[in-house]
Amino acid sequence: MSTIVSVWAREILDSRGNPTIEVEVSLESGHSGRAAVPSGASTGTREALELRDGDKGRYKGKGVEKAVDNVMGEIAEAVIGLDALRQVQLDNTLLDLDGTDNKERLGANAMLGVSLATARAASSFLGLPLYQYLGGVNAKVLPVPLMNIINGGAHAPNNLDIQEFMIMPIGAATFRDALRMGAETFHTLKALLAADGHVTSVGDEGGFAPNLKSHDEAFKYITRAIEESGYIPGAEIALAIDAAASEFYRDGKYHLAGEGKTFSNSEMTEWLGEFTAKYPLISIEDGLAEGDWEGWGELTYKLGDTVQLVGDDIFVTNPDILAQGIDEGVANSILIKLNQIGTLTETLDTIEMAKQAAYTTVISHRSGETEDHFIADLAVGLNAGQIKTGSLCRSDRLAKYNQLLRIEEDLDDAGIYFGPMIASHFGYEGDEEFEDA
């Protein structure tokens, strides 16, 4: 009864107006699952390949009809007849069918759509919420949201090199409270920026995209917004950034155009360290470039005991690359993006490896998103503890937050909010003194 009987795919649009793929998998029982695949702007060079058509006369080359055809053709032929409850078998079938290291033949977007839609169909067949199907009876941890409230870099047309400035409501008692604290701070920040004559248009992920004098000014605005919202910077709301340093790394140097500075990896580490001393900055993603493994080692040695150092571009959700990072003492956390690796099984393997090595995990969206909220269920199902899914506006971001509210309601008293735990993991007490906070 849980046998796959049909697979369908279509081309839809993501939050940037670019095509992406949506897949539906139907079972013999009549149950079905649907999944839409996101797309990134700043991408790691070793990510699994997102298959695009390349026809400049259609969607400027970004169409995904080839991926759709692959799903409707040889992928459907290979998976029809498989049991949707056997996710590992299904994903291995996809991997064998593609036969390449980076999924370039069938496309990671095509494969992931089938993989996730199958999981949804299976959970529907069993009558289980998706988070419980993915994680079992112990799925109970509501993640701390890393809320992107100022955008820069590849996500916004402004002069900030750092791609994301985020807030983490670590002092909240529940996810519901965390969401409220973040929303209040977001609206306060908007008012502060507008009062000073800054534009309050938003970037790809819903954060504001002002032209500021410096990155330091961005931190000042955010800490002021936290305070004027009635919260304590650090104790109740901490800060996080995604530097996306690969985007401004050239010829072995870090070129910060907005700052008018060029840094070596040691100088870049020192610059980031200054912010952690000055502000309650407890999480840095992609502080150095993906190819700068030597620099990452130094960054981890100098800041890794007290700051969460999240590897995104350097690890690309790949268990083999993560294993190398663990062996070499690089980073202490990994960003998890489903479309970087291309199947649910490989994603779960990467999360398990990270947990075994005491690396924290952050489940993440992409800058080109859809209304699909699979990652919200994944974050709770795997007790990941953290989720990064944009700002407090744009329905493609809020879809994930609203799903987490529903999950928290469903869990009732069994749900645990991860805020205090992520702080204690890095020895952060919340009462530290900072120069400007």
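If you go along the chain as it appears here, the first residue is 1 and each next one adds 1.
Placement of Cβ uses the backbone N, Cα and C atoms for every residue, glycine included.
In Swiss-Prot this protein carries:
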ACT_SITE  GLU205  active site, proton donor
ACT_SITE  LYS337  active site, proton acceptor
BINDING   GLN163, LYS337, ARG366, SER367, LYS388  (2R)-2-phosphoglycerate binding site
BINDING   ASP242, GLU285, ASP312  Mg(2+) binding site
**OP:** List the Cα distance (Å, whole number) between ASP242 (Mg(2+) binding site) and ARG366 ((2R)-2-phosphoglycerate binding site).
**Re:** 13
**OP:** Using C-alpha positions only, work out which of the recorded positions GLN163, ASP312, LYS337 is nearest to the residue listed as 'active site, proton donor'.
**Re:** GLN163
Subject >> Residues satisfying Cβ distance under 8 Å from GLU285 (Mg(2+) binding site), sequence separation of at least 6 >> reply: GLU164, ALA240, ILE241, ASP242, ALA243, ALA244, VAL310, GLY311, ASP312, LEU335, VAL362
Subject >> Residues flanking the Mg(2+) site, with Cβ no more than 8 Å from the Cβ centroid of ASP242, GLU285, ASP312 and excluding those residues themselves >> reply: GLN163, GLU164, ILE241, ALA243, ALA244, ILE284, ASP286, VAL310, GLY311, ASP313, LEU335, LYS388
Original post:
Ranking the recorded positions LYS337, ARG366, LYS388 by other Cβ atoms within 10 Å, which is at the bottom?
Top reply: LYS337
Subject >> Integer Å distance between the CA atoms belonging to LYS337 (active site, proton acceptor) and SER367 ((2R)-2-phosphoglycerate binding site) >> reply: 11
Subject >> Separation of alpha carbons, ARG366 ((2R)-2-phosphoglycerate binding site) and the residue listed as 'active site, proton acceptor' (Å) >> reply: 7
Original post:
Here are some binding-site residues: GLN163, SER367. Which one has the most Cβ atoms within 10 Å of its Cβ?
Top reply: GLN163
**OP:** Please give the greatest C-alpha separation between any two of the (2R)-2-phosphoglycerate-binding residues GLN163, LYS337, ARG366, SER367, LYS388, in angstrom, as a whole number.
**Re:** 17
